[in-house]
């Protein structure tokens, strides 16, 4: 039980750290709220799904009104502590959605980064390596620049998935997907999409600033509705990827060895790639391509807990969530609000360099 | 256990394996030998299911490989890879535990310790369990990978060059271990470069050449097979290692090709020296008559040289006639001081003589005159000069006179 025990102890500790960070973060900002009040307000906000109702709503598509089935989930609060209305509003409506979304995005990006670094056996791999972020950016920038009526997040998510799938198809021949081909196809597609994004940026006119902010990665104006979709999707995919953690360990020995140890290599690659692509797309769609979280956090955690993905995936995910909440707190409550992507890069890179100098990183 | 039936495999246009029939039974340690590029690794990959054969079939215990999942295959068959580089900082024990992968469900994270402990003990790697694999030496890492294979609890082992990166001590230890495992009833098939090691540890050798099985059987037979020289494109000499008692092979790629026949008459140490140096210099050599049991006889046996023997302490009679036939057909005759030499000298007009002098040093004489005291090159020089001089050149060899 040693591995499972270690995973639970590390994850438990990091989860507690994440919760503490969320509570402290929610108290910080233009209006300071003390931690006990934050805690009560947070608990008041906690809700569980109480019912499902499926209805039809009209969506405009190409000038026509098309009925689209929509799922309404009703939530019921679990607690009702006594909290002043202003504080409840600030914490529950303004700060928590953003903080929780930040945590979910950080969680997802770090999970995907960990899996991709192992998958590619390459320390430079990050969640966007197969073009997910560039793909999302194309969708999002198109929506902003050309004022399309499609919802931004949905467009970003869809174009991210399409891009990742295209990279996979390009790199696959006769049912086999060599990792090196995948990597290079991803780089080429990213470059190509970079051109498209730059062109749209030039054409974006008045919305250019909005495009730039999106491209930097941001969490402002986050809504509970975004959390409602991103959180379950991220957790679900995280569980799926965690289920393949042992297979990923064996894949680190090389595909030939993995095959000799009974791993269905191509199937496992599809699961790992698909899971990482979707979890990344879910995060990038709501927060933009926040850099460095998915690259640095897995490295740091690998130095601490070792290369076993059964421990590395959950600890990286929780550490990534904590890191992004902290970075967004700086971005949000600092002297001037900046996109969180600037903070993650500005803080993450020097910290990583410090680690490089302190502890020799000779392999993944 | 492992059975390959008329398997073939091509890569693009190139046929790498053709019509391979192979069986490895439980309790049998079989070595796959052959030159670089003969298809050894490809055959191993076809057997472990990494590559599908284009034609033919591989069966494990009667079950076609194509109908087994890779998980099912890896419960019966473990592969010890050639590349012992493991790029990640896993601890040795974690690597060995990965051998349990085919036996456990995806979500079962418990350590089912016993097979891992047994593998650690068996491979004497218990003291390495907490070391990081990338800090281990090549020999230690190879043992860890063998332990990983054992943790799979397989019935059969495939090993790709298990000794390639090891020093002589670890080569023997690793192969000894495999031989022990085989004795317990497992089957093992190993691609091995080193023919001596293969002959020493394996029950059977399978010689692969250009994608086909050129010869197979007990080591003594395969190593003496003329197919061996063809496969490796070099002359080989097989001798018996006096310590291990198993055949050892020397490649003689540096032996030049001369089209001249030289007969060596006389045995003993001078005879051995003469036969050895002339053969190494590329001459076609015949020898005799020598007494049975003479050192020249065993040397000639190893080099596939025709030698006529006479019963010891008797007049060589018939043997002398045979030897004289060879001597007359030869372009040069070398007569040594050893037993039997003088008889030929009297019957032919030999001009090259070899004599033993002092402690095993040999002097060559031409026309009764001493040539040099560094006999081996001198003898070859003397014979060559004699042939060039056309004294006994009645056949149009390469070294025949420039008339």
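One-based numbering along the chain as shown.
Cβ from N, Cα, C; glycine included.
Database features, via TrEMBL:
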type     : residues  : note
TRANSMEM : A:7-28    : transmembrane segment
TRANSMEM : A:99-120  : transmembrane segment
TRANSMEM : A:127-146 : transmembrane segment
TRANSMEM : A:152-170 : transmembrane segment
TRANSMEM : A:182-202 : transmembrane segment
TRANSMEM : A:222-244 : transmembrane segment
TRANSMEM : A:271-291 : transmembrane segment
TRANSMEM : A:338-356 : transmembrane segment
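The list of residues near the transmembrane segment (A:222-244) in space but at least 6 beyond its ends in sequence, with Cβ under 8 angstroms from a Cβ of it, reads 73, 97-98, 100-102, 104-105, 107-108, 111, 115, 153, 268, 271-272, 275-276, 278-279, 282-283, 285-287, 310, 313-314, 317. When Cβ-Cβ distances under 8 Å to the transmembrane segment (A:152-170) are tallied for each of A:7-28, A:99-120, A:127-146, A:182-202, A:338-356, the top count falls to A:127-146. Using a cut-off of 8 Å between Cβ atoms, the transmembrane segment (A:271-291) and the transmembrane segment (A:99-120) share at least three residue pairs, counting only pairs 6 or more apart in sequence.
Long-range contacts of the transmembrane segment (A:338-356) within the same chain, counting only residues at least 6 positions beyond its ends with a Cβ under 8 Å from a Cβ of the stretch, are 102, 213, 216-220, 287-293, 295-296, 299-300, 303, 323-324, 327-328, 330-332.
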